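Annotation comment: TrEMBL describes 20-192 as domain 'N-acetyltransferase'. Taken from TrEMBL, the feature acetyl-CoA binding site covers V122, T123, V124, R130, R131, G132, I133, L134, R135, S158, E159. Taken from TrEMBL, the feature active site, proton donor applies to Y163. Annotation comment: TrEMBL describes F457 as active site, proton acceptor.
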Amino acid sequence: MTATSTTPTSPDDVLTRHGLVLRTLAPLERGPDGADPARAGHPAHVRHTAAVEKGFYEEVPDGAAADQDLGVSADDAKILRGVYLAQDDPAEREPVGTFVDWTSRLTTSPGRELPVWMISNVTVSPGHRRRGILRAMMTASLGEAAAAGVPVAALTASESTIYGRFGFGAACTGRTVRVDVRGGLVLAADAAGHREEDPGTVLREDPRAMPGVVEELHGRVRRTTPGSVHRPSGHVVRWEDRSAAKNDGKGSGLFAAVHRDGDGTVQGVALYRFDGWEKEPTTESVEAFLAATDAAARQLWRFLAHLDLIDRLHLTRCPDDGRLEQLLADRRRVSTKAVWDDLYLRILDVPACLGGRDYAPEVAGAVVLRVADAAGHAAGTWRLEVARGVGRVEPLGDDARADLELDVAHLSGVWLGGMRVGALVGAGVVAERAPGAAARLDALLHPAAPVHLLTRF
Ligand SMILES: CC(C)(COP(=O)(O)OP(=O)(O)OC[C@H]1O[C@@H](n2cnc3c(N)ncnc32)[C@H](O)[C@@H]1OP(=O)(O)O)[C@@H](O)C(=O)NCCC(=O)NCCS
């Protein structure tokens, strides 16, 4: 077995040695009138945001866009952490390391969720790499999460080799696809002559004129999608095309295809934007695709397939579950341009996590797991017993015989069922001590719906 987490050795001391200090900025709040916090009153937060944007080579927001950014941060109750040169005033100088965390909700099984500690905006200035800045920020953050009783942490990573050492495992993949719609796209159901029971209607609407609609639909869809989290507030701004950073907040050419069923209830929305006449083939980028019912998904695809003058659709966050290919009469219309490790999870509380998801009622069994966790949060020998859809975890002594030995990063990756234990045994990173234990655990963890992260954060 290869342990991927390593022991933190006084991260604060390491920072001190380098003349650095880790600071946490005071949380932001909106004014009584609900207005965005004004940037002039929060210079340390503004400089922190600037450091993040520069770290990802993005434009630094200014004016109303900076205020809007602070408002979004306040709405999510984000905690901004920064590593500064010890002598620097955060109001005057940007940090050399940035880290943001906040508490949200993660769907573990359709209709079931747990609190989750979200981590984002991790950057370290190129002049200060490999001085323990990331480790210090991560150790402090995860320590607070565990102390607050949050059972699991989550992030999305720009590089897949960074976070395993801190106990994070990739829990699902995402993909970018192109769909060739030249000459129209035929759905498999239509080719087979199946009639839609309740086709409802799909209309093109202005995302700016439908406040709360996408957010409400996202809430419904994400509650049935394991691996999805309560939307970060920045997404609501983008869904409603209200970003103050673009066209002074007056809209940026985003369109909404809205599906309403026979009762008039919104069951699906696709948000799309034209890539411009210069681009060949002519392309629409689908920035969000949300469907609460299969019928809504089919109707949205019929709409998108018949956009005049368009030859290609580009989807940046498409579930990697093969359902899109099944939906079409000609599966070769879909080409996958990239597949990536999407949601990373980090279990902090083993009984809460394994007991905090559903299991298929028809599976039953038990497995003993020896979990290594250098940070200590999840370390131990745990017996998972599943019966009648419920998982119960009991701690065992260190001398108990384990069926599987694995690092917390691997347990975190397979927990929701989007990754397989058997593959990790085959890779030589999880040790199977009892023959068949990996297949047994895979069968127990099989998810009721594909694991997918609807909204990046
Ligand atoms: C990744 C990044 C944050 C690392 O910061 P850092 O302060 O240099 O990291 P630390 O000095 O604390 O190193 C901690 C450990 O991570 C390892 N590490 C750091 N960056 C790494 C990388 N890019 N790939 C693999 N390992 C890395 C270090 O070797 C060290 O390992 P060890 O403690 O097991 O010996 C920094 O390179 C960065 O800002 N990258 C660009 C932005 C980014 O990718 N952000 C992540 C988006 S969520």
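A Cβ is built for glycine as well, from the same backbone N, Cα and C atoms used for every other residue.
Keep in mind that this is a model prediction, so the values were computed, not measured.
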- [ ] Among the binding-site residues V122, R131, I133, R135, E159, point out the residue whose Cβ has the most other Cβ atoms within 10 Å, with all shown protein chains included in the count.
- [x] I133
Task: Sparsest-packed of the listed active-site residues (Y163, F457) - C-beta count within 10 angstroms - done: F457
Open item on the list: Taking only same-chain residues 6+ apart in sequence, whose CB is under 8 Å from that of V124 (acetyl-CoA binding site), what do you get?
Closed with: G55, V83, V96, G97, I133, L134
Task: F457 (active site, proton acceptor) versus R131 (acetyl-CoA binding site) - Cα distance in angstrom - done: 26
Task: Across the domain 'N-acetyltransferase' (20-192), average pLDDT on the 0 to 100 scale - done: 97
Open item on the list: Can you give me the Cα-Cα distance between Y163 (active site, proton donor) and F457 (active site, proton acceptor) in Å, rounded to a whole number?
Closed with: 16
Open item on the list: Please check the recorded positions V124, I133, Y163, F457 against ligand 1 and give me the ones with CB under 6 A, sequence order.
Closed with: V124, I133
TODO: Provide the three-state secondary structure of E159 (acetyl-CoA binding site) computed with DSSP.
DONE: coil
TODO: Work out how many Å separate E159 (acetyl-CoA binding site) and F457 (active site, proton acceptor) at their Cα atoms, rounded off.
DONE: 15
TODO: Do me a favour and check the Cα-Cα span between V122 (acetyl-CoA binding site) and the residue listed as 'active site, proton acceptor'; whole Å is fine.
DONE: 11
TODO: Sort I133 (acetyl-CoA binding site) into helix, strand or coil using the DSSP assignment.
DONE: helix
